[in-house]
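Notes for the one structure printed next.
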Amino acid sequence: MTQIQQAGADSQALRTPADYQAQLDEKRERLTQLFAGFNPPALEVHASPAEHYRMRAEFRIWHEGDDLFHCMYAQATKEIIRVDHFPTASLLINQLMPVLLAGLRPHFVLRRKLFQIDYLSTQSGQIIVSLLYHRKLEAEWQQAAETLQADLQAQGFDLRLIGRAHKQKICLGDDFVIEQLNVAGRQLTYKQVENSFTQPNAAINEQMLGWALDVTRGSEGDLLELYCGNGNFSIALAQNFRKVLATEIAKPSVDSAQFNIAANGVDNLIILRMSAEEFTMAMRGEREFNRLKGVDLKSYQCNTIFVDPPRAGLDDATVKLVQEYDNILYISCNPETLQANMAVLGETHEVARFALFDQFPWTHHMEAGVYLKRKAG
């Protein structure tokens, strides 16, 4: 094993604010060049905190006798690197890491065949820890885990512990946390469920939501969002529109979105559990769905659509669907696929706003946002 104490901390100790700005400037130049052919306006650049910006982290666990450590695999060499501190992750995760290991070490039943620990933290102070095992978890494990959770809570951690094994999930309390985001002077509440997608960089998420609010301010008509997840964007944007329709297919995400709608007092947003293809058929009157009983689609005038697709971007059919709307708000975690989609969308729409969000500092990855308006004539 490659014993690199505080691997993350040592590598970041040499980084300066100038180093952060240099990597951000390189991304600015790269994104500007990538979209030069679409004649966008000046790029709006949103910087991230240089450390403690990632709200979730996953670590493999390395065992040496009765001891155990967090570790990661070096991408280039596949070496196992011991991680005692991880400045990329939130301060809360870093505070909990050594305390959690200290609580695990004395208990063989908690250590045995433990191979991974996942953390999901929040700015609100709540955190979920998932312990992953290569064995079935018995009553003895649950009893020891409940004691560990109580000990950690007594030390001041607002923690929920979860045990996972093959076809097994044991929750010692809730399997979600409640996050608080400050967006354009307003506090928004979001339920985030363990093992479901959430935006990894809370500070950048707040900036993305604020930017999306700004670019859609003064919008007329209604908003449609495809695959809304837990309602992260729809809930923030609802104040700018008469009504909002959002689609999502994953039931846990739909349930979280419904919770978040109520928690934030939003009264003009409806979540539909259906795919983009099904929604398109329903809007065009090609098929009826029982799930739409009580929803009058004809009362909606959705002239703005919001999409935040996975790294693969939008498929051809969805690009054509999106192209039917006058205003398109597109957040992309892969500017290369956004550029490919823009080759089609750019035939009918022009870029009105253009943004870079440094969601993943110190990596080559970029998050981009474009607000497109239909060309005149």
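Using the three backbone atoms N, Cα and C, a Cβ is placed for every residue, glycine included.
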Among Glu179, Glu248, Glu324, which residue does Swiss-Prot annotate as binding S-adenosyl-L-methionine together with Gln199, Tyr227, Asn232, Asp308? Glu248
Taking the Cα atoms as reference points, how far is Glu367 (active site, proton acceptor) from Gln199 (S-adenosyl-L-methionine binding site) in Å? 11
For a quick check of packing: other C-beta atoms within 10 Å of the C-beta of Gln199 (S-adenosyl-L-methionine binding site), how many? 24
Could you tally the C-beta atoms, other than its own, that fall within 10 angstroms of the C-beta of Tyr227 (S-adenosyl-L-methionine binding site)? 18
Gln199, Tyr227, Asn232, Glu248, Asp308 screened against Cys333 (active site, nucleophile), Cα within 10 Å - retained binding-site residues: Asp308
Measuring Cα to Cα across Gln199, Tyr227, Asn232, Glu248, Asp308, which the record gives as the S-adenosyl-L-methionine binders, how far apart are the two most distant ones in Å? 16
Within 8 Å of the centroid of the Cβ atoms of Gln199, Tyr227, Asn232, Glu248, Asp308, which other residues of that chain place their own Cβ, given that this set defines the recorded S-adenosyl-L-methionine site? Phe197, Glu225, Cys228, Gly229, Asn230, Gly231, Phe233, Ser253
